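Chemist: Quick one: the structure is below, and I'll ask about it shortly.
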2 protein chains.
Amino acid sequence: MQSFTKSKLAIAVGAALVATASIADSHATKSTNADVAARHAMMGLVGQNIGILGDTAKGEIAFNAGLVQAAATNLNMLAKIDPTTLWTAGTEQGAADLSRAKPEIWSDAAGFAQKFDDMADASAALMDVADLEGLRAGMGALGGTCKACHETYRGPKN
Amino acid sequence: MQSFTKSKLAIAVGAALVATASIADSHATKSTNADVAARHAMMGLVGQNIGILGDTAKGEIAFNAGLVQAAATNLNMLAKIDPTTLWTAGTEQGAADLSRAKPEIWSDAAGFAQKFDDMADASAALMDVADLEGLRAGMGALGGTCKACHETYRGPKN
């Protein structure tokens, strides 16, 4: 039973960290489009905070309640950034360099906004987390929100 | 009287945009330190949102209440990001590449936090702004918070 739980955790943390790693890889160069660069900056911040939670969940850094709560709070705020300032018209994949934004971001704006609401909820659940077990319990839901949004609204690697 | 007001506006908007431009210039390359890269990402987002407000205040883009309010709201949230996840130990200027963080960030943590509170207040004042005059009236205070923090806590160009 414990190994099953551990395995689920590994998948959840893995999903979150794959998201982080792919951000770090793909944005070594900066888009010449300021709005694309800004949303990559936003995703970079998301990745950094997910990284703090993931590294802690995996035991790579010692559990620090203040740091974990700060990272979860940052994620919660980042989830609430107004997307209209970032996913601007004419910046879909193919139209702006380094963009991986699928047209569905604009054609299904309500669905896209819902993904951020889901991320806000999953991160809010970790804002008062008091111990490692609590963090691990919440990582699956959080990592799932990264994955769900990327699968639907992010195009293939450039 | 009008030219005096216009001149004050130019100074305020100028101060805010100088901050933005210097971010764009100095971070064309990314720090190899993940925390420094993350705070540059944060500052890049600040710059992007200040840019929306500044370009609107200068009349370079048409006043759009929704966009202006979104940018002010984003700035307000960015001002509330927990600095402990970004200004981590050992990342001052000289210790981490591309860092311009002065040691005062750590030795005067309360003063540094106050600068973010000031930015939160100045951006909050623009979150419900309804017209161009309202935006222009608030830009001086907002630009002043950028300048005040940079003067005290940011080191010379690398």
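Going from the start of the chain as shown, residues are counted 1 onward.
Glycine residues also receive a Cβ, built from the backbone N, Cα and C atoms like all the rest.
It should be emphasised that the depicted structure is a prediction, and the values quoted were computed from it without experimental measurement.
Per TrEMBL, the feature heme c binding site maps to A:CYS146, A:CYS149, A:HIS150. Feature annotation from TrEMBL assigns signal peptide to A:1-24.
Describe each of these features in terms of where it is and what it packs against.
Modeler: Neighbour list (A:CYS149 (heme c binding site), Cβ cut-off 8 Å, at least 6 residues apart, same chain): A:PHE112, A:LYS115, A:PHE116, A:ASP118, A:MET119. According to its DSSP assignment, A:CYS149 (heme c binding site) is helical.
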Chemist: Rank the binding-site residues A:CYS146, A:HIS150 by the number of other Cβ atoms within 10 Å of each Cβ and report the first-ranked residue.
Modeler: A:CYS146
